[in-house]
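Listed in Swiss-Prot:
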type	residues	note
ACT_SITE	SER218	active site
ACT_SITE	ASP318	active site
BINDING	GLY146, GLY147, ALA148, GLN217, SER218, ALA219	substrate binding site
REGION	1-46	region 'Disordered'
TRANSMEM	85-105	transmembrane segment
TRANSMEM	140-160	transmembrane segment
Amino acid sequence: MRPVSSAEEVGALLSRSDSSGRRRRSSPVQSASPRPAGCGCGGPRRQSSFRDDVGHAASETYLVTRLTFSLLQYLGLGYRWMSQLLALTIYAILLMPGFLQVGYYYFFSSQVRRSIVYGEQPRNRLDLYIPKDINRPCPVVAFVTGGAWIIGYKAWGSLLGRRLAERGIIVACIDYRNFPQGTIGDMVSDASQGISYVCNNIASYGGDPNRIYLVGQSAGAHIAACALIEQAVKESSGQSISWSVTQIKAYFGLSGGYNMHSLVDHFHERGLNRSIFFSIMEGEESLSRYSPEIVVKQSSSQTIALLPPIVLMHGTEDYSIPSSARFLLMPSADVHLR
């Protein structure tokens with residue numbers, strides 16, 4: 001089986017889900033996301049001077065450097081870690097020509113709205129990829145990138161954003177705090193807040209608020225699934241919410257893992273030490289809490305009924321997260337595996 005995470009197949013699945021999907025019932029929500037000033041299909045442009053951009057870049061560079069040294073304290077300088085770092089460096093060098101093309105598009109294209117603020121934390125930013133010509137409200141993808149919970153960044157979704165924007169789909173790439181800046185609870189909270197911003201504000205950028213699809217890849221698939229299920233639990237129990245699960249037309253999980261207990265040994269063998277993984281997941285005792293497969297089995301029928309159709313895709317030759325980890329068993333839920 002070949003991987004099915006290409007922009008073409010995601011776009012096709014979105015169209016299929018849109019044409020055959022059931023009507024979602026709406027739910028009143030209490031908006032907690034700031035709404036952008038202005039309106040119009042093109043959406044408000046982020047007003048910033050060159051000085052502001054330089055200052056923002058400098059602060060992010062300092063933050064990344066500081067967190068890198070903090071991370072090295074966790075990782076140590078073992079042979080396995082160093083060998084994998086060397087392999088990753090060589091891999092990045094070989095892909096540099098492609099990176100340069102994507103980087104040029106990311107920084108200079110008028111279709112990209114970079115670093116839109118959705119919350120108060122330093123990494124609470126998202127990028128929007130807008131189609132050139134918007135004649136009517138566009139379908140929307142809220143994308144949570146992967147990165148082993150450590151190196152995720154919103155720009156990793158730039159190629160997906162570009163390809164889907166060419167097909168008339170608005171893409172919102174949501175950034176979130178990585179470890180050691182934050183743990184899994186912070187990541188899920190950030191992702192949920194980013195989704196809230198998309199649900200409450202995307203119409204101002206030409207998006208259709210009734211056609212929002214949540215997509216996560218690798219660690220991002222795990223984080224997005226946690227955010228979705230956590231929101232369903234809150235909504236079914238009558239808690240105050242800033243966005244409704246019923247606003248999500250479908251969830252697509254690409255190469256994700258949904259039972260953290262089953263992945264501890266695998267990650268350890270791949271170089272992610274158990275102690276580091278437990279620190280990311282807020283302790284071994286929290287693995288069940290952040291395992292979507294376990295949470296849904298313990299959830300009420302009211303919670304399950306709120307969840308949108310779910311499509312899980314995984315390549316059988318994926319060694320980062322084994323394809324067996326894709327099984328997210330949900331009684332009475334609309335789940336498709338590919």
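Cβ from N, Cα, C; glycine included.
Quantities reported herein were computed from a predicted structural model and do not represent experimental measurements.
This view paints the features noted in Swiss-Prot onto the structure.
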residue	record	DSSP class
GLY146	substrate binding site	coil
GLN217	substrate binding site	strand
ASP318	active site	coil
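Cβ neighbour count for GLY146 (substrate binding site): 23 (other Cβ atoms within 10 Å of its Cβ, all protein chains included).
Cβ neighbours within 10 Å of ALA148 (substrate binding site), excluding its own Cβ and spanning all shown chains: 19. Taking the recorded positions GLY147, GLN217, SER218, ALA219, ASP318 in turn and counting surrounding C-beta atoms within 10 angstroms, the largest count is reached at ALA219. Put simply, the two farthest-apart Cα atoms among GLY146, GLY147, ALA148, GLN217, SER218, ALA219, the recorded binders of substrate, are 10 Å from each other. The separation of ASP318 (active site) from GLN217 (substrate binding site), Cα to Cα, is 13 Å. Taking CA atoms as the reference points, GLY146 (substrate binding site) and ASP318 (active site) are 14 Å apart. Comparing GLY147 (substrate binding site) with ASP318 (active site), their Cα atoms are 15 Å apart once rounded. Highlighted in sequence order, THR145, TRP149, GLY152, GLY220, ALA221 have their Cβ within 8 Å of the centre of the Cβ atoms of GLY146, GLY147, ALA148, GLN217, SER218, ALA219, the residues recorded for substrate, and are not part of that set.
Geometry remark: ASP318 (active site) versus ALA148 (substrate binding site), CA distance 14 Å.
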